[in-house]
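> Below is the structure I would like to discuss, written out as structure tokens.
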């Protein structure tokens, strides 16, 4: 990229060591104006210090946006309508946050007249792909600066040395480092690196931040009633809550009961296997409850088709294709399937488990007790009809068996 061509760049900025160094590096290397953007998506950290840090480094245009409601309403909830799991386990807490950050960066670039965007993702992981696919999908002619693919600052020590040489303020706690590389938002918190790079080693109990261990969870269960409207949870125990407030509350309740811990090895889009640990207490409750709600409101073939398509949908999100035409097409179908997913589900939280103990829909239940009963159904279901059903469905197998017997 021609350095002289860049006039203004929007940087996804946390205020931490990496993005603080990137900010200064952009100013010095590209001789361009830097606009900072800091998103509050429920990571649990104060975002205002990022404003002070940006001002110290000479930034004139600073954006700090509270995106928690938009994050849950427009990204998390649509994903959960599909019961989405990547490789059967991962609830995509990191993956689903990147499209929103990319979207807002592009919006700010348009508002400020910036001709480039930049991020702090390394050249080794998935996030670089997720961010940049989003940028190009939303603004095809945008320029992208990925410092980790350009500079020679390949270690924490080199970053700290650069910061010291260029007068970049770094808090002492940042210099000391942390045991794990962590990423958090309202849906989850993730842990990577250090001891976790050995997939044979169990993580220390002290690593987990959002949940107690199941062994230390309360000895008494807790019951929750969750109300669904068109596939989304709208109320908890009779109280209507906004999407972000509801997920935050479920995180608290789930964490209290040791729910939502995951330790897995996943296949990154860039080709390598990576071990990560995750805490997704609220999401784990949501997933279990949503499947229960669908169990009595979705037609069998619709439910099975959704289950067949879900791995592909999850893969699209994991790999960064949220803004792709195929994801949008699948979302339209998924959303249409949720029109009648209305009612309530009761779950029991107990020592790491989410146990569904009740579900009902006054308006959309396909469960007919008169037909399903083991008692006298008063003629609601004619059992003699099953003979013809079975015989026709066995026809192809009978033909094949007869052929084999003649050979």
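For all residues, glycine too, the Cβ spot is worked out from N, Cα and C.
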> Out of 162, 278, which does Swiss-Prot tie to the same L-citrulline site as 90, 95, 126, 130, 181, 190, 266?
278
> Do you know which of 39, 82, 97 Swiss-Prot groups with 12, 13, 14, 15, 16, 17, 18, 19, 20, 120 in the ATP site?
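As annotated by Swiss-Prot, 12, 13, 14, 15, 16, 17, 18, 19, 20, 120 share the ATP site with 39, chosen from 39, 82, 97.
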> Which one of these binding-site residues has the most other Cβ atoms within 10 Å of its own Cβ: 90, 278?
278
> Give the distance between the Cα atoms of residue 14 (ATP binding site) and residue 181 (L-citrulline binding site), rounded to the nearest whole Å.
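Cα-Cα distance, residue 14 (ATP binding site) to residue 181 (L-citrulline binding site): 14 Å.
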> Using residue 95 (L-citrulline binding site) as the reference point, find which of the binding-site residues 120, 122, 127 has the shortest Cα-to-Cα distance to it.
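That would be 127, nearest by Cα distance.
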> For residue 126 (L-citrulline binding site), which of the binding-site residues 12, 16, 18, 20, 120 has the nearest Cα in space?
120
> How long is the line from the C-alpha of residue 90 (L-citrulline binding site) to the C-alpha of residue 12 (ATP binding site), rounded to the nearest angstrom?
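Checking the Cα atoms of residue 90 (L-citrulline binding site) and residue 12 (ATP binding site) gives a distance of 25 Å.
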> Could you state the CA-to-CA distance between residue 12 (ATP binding site) and residue 181 (L-citrulline binding site) to the nearest Å?
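Between the Cα atoms of residue 12 (ATP binding site) and residue 181 (L-citrulline binding site), the distance comes to 18 Å.
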> Among the binding-site residues listed here (18, 95, 122, 190), identify the one with the smallest other-Cβ count within 10 Å.
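Minimum Cβ neighbour count within 10 Å, taken over the binding-site residues 18, 95, 122, 190, occurs at 122.
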